[in-house]
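TrEMBL annotations:
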- 7-245: domain 'Sulfotransferase' (DOMAIN)
- 16, 17, 18, 19, 20, 99, 107, 207, 222, 223, 224, 225, 226: 3'-phosphoadenylyl sulfate binding site (BINDING)
- 16: active site, for sulfotransferase activity (ACT_SITE)
- 208-217: disulfide bond (DISULFID)
C-alpha cells in the first residue's frame, strides 16, 4: 500500500541554517517520511531537465497518510527554484530555517574551510576573505546567501506568506520541541514529537535524537567549532546586515533575535 510521492512539503533552506537537524528531527514523526539526500531538482538545470518522474523516483515510499519531505538548502537562494516549485504545486507548504545571518556566514566559511583542509587544498583566514581593501567584501557568496530579504522577495512573488513557515534555527538548536510543535501545526499533523525524543549531548554541545528505541546524533561535520573572528570584522558584518534584517522582519511580520 505504499508508493513514491512528489513532496507535499519542501525544506527550501537556508544553507548552514540547520536544515539537516530539522529534517532528522521531523523524521521522528510517524506521518512524515523524508528523502535521504539533497536532490537539487529545482536549482540545478541538469537535474530539472530530467523531469518530474525522475524527481519522484528519488523519493521514499510512503503510505497515504504520510507527508513526503525533501530538503535542498540551495533552493532558497536559487533564482529559478520559486517559479519551478510553484509550477509543480502552487499550494505546496514550504519550510525555511534561518539563523543569525552573521553566524550563518561564519558557519558557511567553516564548512568550506574543513572541506578544503580534508582535500589538502590551500585555505584562507576568514578575515582575509570577508575584508578586501579595508572594506567588507559584499560579493563573497556566503554574505550574499545571508541577505534573507533579497531572496525572500523572489519567493513571495510566487507564494503567499501563509505557505512559508519560518523555523528559528538558533532556537531549534537550544530547545527543539517548541519549534517542531509549530511545524506540526503548520503541516496539520497530530502532535507526536515529544520532549523524550531529545537528549542533550554534553560532548557535542547540542541535542541528539531518541526514537524507536534508538539514539542518534547529527553527523560529526555538524557543530564544528567556528574560528574566533576579529571584533571589528564582526561589527562590520552586524552593521551590514542590520538594514537587510529589518526589511526581512517587515516582510514576514516577525522579528528574530539577530544582531
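Note: Cβ is positioned from N, Cα and C throughout, glycine not excepted.
With a 10 A radius on its CB, residue 226 (3'-phosphoadenylyl sulfate binding site) counts 13 other CB atoms from all the protein chains. By neighbour count, meaning other C-beta atoms within 10 Å, the densest spot among the binding-site residues 16, 20, 224 is 16. Under 8 Å, Cβ to Cβ, and six or more positions away along its own chain, residue 107 (3'-phosphoadenylyl sulfate binding site) finds 16, 99, 226. Within the model, the domain 'Sulfotransferase' (7-245) carries an average pLDDT of 95. Within the same chain, residues at least six positions away from residue 18 (3'-phosphoadenylyl sulfate binding site) with a Cβ under 8 Å of its Cβ are 97, 99, 167, 169, 172, 173.
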